[in-house]
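> Annotation comment: TrEMBL describes 1-15 as compositional bias 'Basic and acidic residues'. Per TrEMBL, domain 'Major facilitator superfamily (MFS) profile' is recorded for 38-638. What TrEMBL records for 443-498 is domain 'Kazal-like'. Marked as region 'Disordered' by TrEMBL: 1-23. Annotated transmembrane segment per TrEMBL: 76-97, 103-121, 211-240, 260-282, 328-346, 366-387, 399-418, 524-548, 560-583, 613-634, in sequence order.
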Amino acid sequence: MEVDGSPDRFTEPRPMEYSGRNQKTPQAKCCSPTLKIFIGLLAFCYFTKSLTGAYTKSTITQIERRFEISSSTVGIINGSFEMGNLLVITVVSYFGAKFHRPKIIATGVLLMAIGTLLMALPHFIMGRYKYDTAAAHTNDADNITVSTICSSDTQNTVQQLVSGCLKGEAESSPTWVIVLFGNILRGIGEASIGPLGMSFIDDYARPENSAFYIGCLHTLGVIGPIFGYSLGSLCGSLYVDILNQDSVTITPQDSRWIGAWWLGYVVSGLLTLFAALPLWFLPRALPENPQSTKLDHPSNQHKHTLSITEMAKDFGASLKRLLTNGIYLLYLANSVFIFNAYTILVTYTPKYLEQQFGQSASNTNFLIGGISVPAVALGIFLSGWIMKRFKLSLLGSTKLMFFTSVISLVCTIPLFALSCENIDVAGVTVPYQGSIEVQNSSRHLLTSCNADCGCSDFQWDPVCGQNGVTYISPCHAGCNSTQGAGQNMIFHGCACIPSWELTSGNSSAVLGQCSRESSCTKMLYIYLALQSLAFFVYCLGTTPFFVVSFRIVDPALKSLSIGIFLLVLRVFGGIPASIYFGALIDSTCLKWGQKKCGGSGACRIYDIETFRYIYLGLVSSLRAFSYVLLWMVITQIKRKVQNENQMSKNTELQTVCAM
């Protein structure tokens, strides 16, 4: 594609070249040693930032439970990264290109490291995590033994807990705001890496190698999530208070389990800090490269230094030129819809797998990191190789995006049929007496078998009855005696369990929810295989996704086009998607946890069928609409190329006739 000064005028490039780029002489070096060092360091920055990003996604459920907040609030925390990014992305992408780009990137990576370490801070200022359990624990301050079996003392125990709450003993401050602020700092720091890094590579690499380098960069960046999810799996298997593992009476499958979510932020924060240091020692430009811009070339830097006022005026004119490019705006609209779907997938896939297939956070993160992420990495790498091997034109790149996207969408259709049934929870998903429907009301948690037990509605201490039904606490199961201690505790004399089968037997229960059916694990692996195939096919068109965004504009607007591109994606995709979809997830909650001092906590159980249709249906709809817009982009590019080629032929014909 060749640009003649107007962002809307271009012609189809020859197979061996890209638009807006001067061809190198045969003597030009393929890639200077300094550029290779820069690409290597930038790849490590991509690795650390993607590792932290993936780890953040893997801790969504843990953060929700630790701070007793809803999915929509967690969505705000997740979206705060985009909020911080959009605060500076446009300014950094435009003005940063006129200064020392490697040092600006280094500053951004340093901010990311500080923000990541800050996200772990709440763990060290909060008290130990305490959960209600029938395996009695003692409050040292008041010497109160908390018990959730059916007894005449249960109501007195609840009253004592409320009394302690009124004294200010039970509630902690909303320290999740610190996590939010740390994520905002991460977003601010990340703003410099993409626009300045990719434009720096595009300025100093051979035209046919630029797309390949960017593809390799993103491939190495995708390796980060493999380690991020693996780190999330490891930390999720450790109890949040590492030094108190022996006193834990719940398992990682329990909805009250919280892993060592803070530990991964410490590890990734230190890695990010290490990644920032070497970038400070790189030069501003590569003078030996013929493609070095006049502004960056050392011999011309003193001649082209602009004042802030002059750059601000030039910014307005450049922005106007960019926003009057019709094809760029249409491509931007397509990208907004696909980025909404991408945000939902990346943010809530771990939670979806946990709820649909009854997996622990640790196991879910391990499977995502070991199966899905490698497929993404391979797809991105091959995407860059395809661009380099076949030297695709702008039109060819866009067509590659379209066909891989449509095939990927078709591969996701079978996912709608892969799920497990909701577990049977008495009074929540099934009634006590065996009728088919259950109304969503707390009074259905109580029935004649437990009406005199004084059970608290906000309790969630599930037990599994011998009839295969889960009860939200031993009290709600009507159990009146216990045997054993800790995780081996067994409850006897459970009056509500026989009422299910209308027999006099099966009156005992054990701690924890009942297991899902055995076919659930098989469905999970089928789901992951199909999802990984869809991810792989889609990622074959990933490199063109970024390359097209700055090939359809004037070369002087490359950094600004990427900055505006990422800004719009975050404002209309990254931020709202995680929040509104979190609210949609909250709407499927069947049983909310309650804070001891009042107010809703984290959701304990969801209607997984509704969850499935909302999750898969919304993502598929967003993708389908975005592909319609992408087809319109292809037709506009094709029409423009044909017009430019016709004008070129007419000019040549007039020249021949004049001779």
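Here the Cβ of each residue, glycine as well, is placed from N, Cα and C on the backbone.
A quick note: this is a predicted structure, and the numbers were derived from the prediction, not measured.
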> Any contact between the transmembrane segment (366-387) and the transmembrane segment (260-282)? By contact I mean 3+ C-beta pairs closer than 8 Å, pairs at least 6 apart along the chain.
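Output no: the transmembrane segment (366-387) is apart from the transmembrane segment (260-282).
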> Do any residues, 6 or more residues outside the transmembrane segment (103-121), come within under 8 Å Cβ-to-Cβ of it, and if so which ones?
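Those are 42, 45, 48-49, 52, 56, 84, 92, 96, 178-179, 181-193, 196-197, 262-263, 265-266, 268-270, 272-273, 275-277, 279-280, 282, 284, in sequence order.
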> Averaged across the domain 'Major facilitator superfamily (MFS) profile' (38-638), what pLDDT does the model get? Just tell me the whole number, please.
79
> If contact means at least 3 Cβ pairs within less than 8 Å, sequence distance 6 or more, would you call the transmembrane segment (211-240) and the transmembrane segment (524-548) in contact?
yes
> If contact means at least 3 Cβ pairs within less than 8 Å, sequence distance 6 or more, would you call the transmembrane segment (560-583) and the transmembrane segment (260-282) in contact?
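With fewer than 3 qualifying Cβ pairs, these stretches do not touch.
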> Would you mind listing the long-range same-chain contacts of the transmembrane segment (524-548), meaning Cβ under 8 Å and 6+ residues beyond its ends?
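Here the qualifying positions are 198, 210-211, 214-215, 218, 331, 335, 353, 356-357, 359, 367-368, 371-372, 374-376, 378-380, 382-384, 386-387, 392, 394, 397-398, 400-405, 407-409, 411-412, 414-415, 418, 562.
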> Which sequence-distant residues neighbour the transmembrane segment (328-346)? Criterion: at least 6 residues beyond either end, Cβ under 8 Å.
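The answer is 7, 57, 322, 405, 545, 548-549, 552-553, 561, 564-565, 568-569, 572-574, 576-578, 581, 615, 618-619, 622-623, 625-627, 629-630, 632-633, 636.
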